Amino acid sequence: MNLILFGAPGAGKGTQSELLIKRQGMTQISTGDLFRAAIKGQTDLGKKAQEFMDKGQLVPDSIVIGMVEEVLQKGVQNFILDGFPRTVAQAQALDELLVKMNLSIGKAIFLEVPMRILMDRLTGRRVCKNCGAVYHIVSKPSKVEGKCDLCGGEVIQRNDDKAEVIETRLKTYEEFTSPLKEFYKKSGKYTEVDGNRDTEEVYKEIEKIIK
């Protein structure tokens, strides 16, 4: 089954995607990872995406759709779309792309988390500059402060995880992404999961939904 996993920044999409990859053999298509790889490689799309991400703004559809299409053209199956689509316009463009490629989405799962919890999660998040491993200063700190447990790389706070940018990101999310709920409710593929719980509890509920 192909899934869309969506919710506000910090809702736990990446964490749940990792579990689905390890336990269900699924493939994650994370637009955030695609952006960061493009930025690190200093590609044309990466440079354009960085300008928007650093301000906490949504990356334009033309850039996002292009990156997703490139991945799907490699023949990926049983995938999770993490962080995409973020708007109804993107969802419509995705539907057109999937029809063209003879693919479909089985479920669109929304992770619901209160705004104050999202702020706490995001401002405390730290990421390895080298391998992308994710930590949290309270719930999942690295063993040595500022150093990645996995590769020894520098652990930093991303620009888009700073308080002033987060506030913009969450407001942008509410404005553009919330209508996605209605879009997928109409398609009959929408399911909501309480993301403000233990990681395992959230995973078990998602597992039931996809079986």
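Note: Cβ is positioned from N, Cα and C throughout, glycine not excepted.
These numbers come from a predicted model, not from an experiment.
Matching Arg23, Arg125 to the ATP binding residues that Swiss-Prot gives (Gly10, Ala11, Gly12, Lys13, Gly14, Thr15, Val134, Tyr135, Arg197) identifies Arg125. If you take the C-beta of Phe84 (AMP binding site) and look for same-chain residues 6 or more apart in sequence within under 8 angstroms, you find Ile4, Ile29, Thr31, Val64, Val68, Gln90, Leu94. DSSP assigns Cys131 (Zn(2+) binding site) to coil, not to a helix or a strand. Here the region 'NMP' (30-59) returns a mean pLDDT of 83 for the predicted model.
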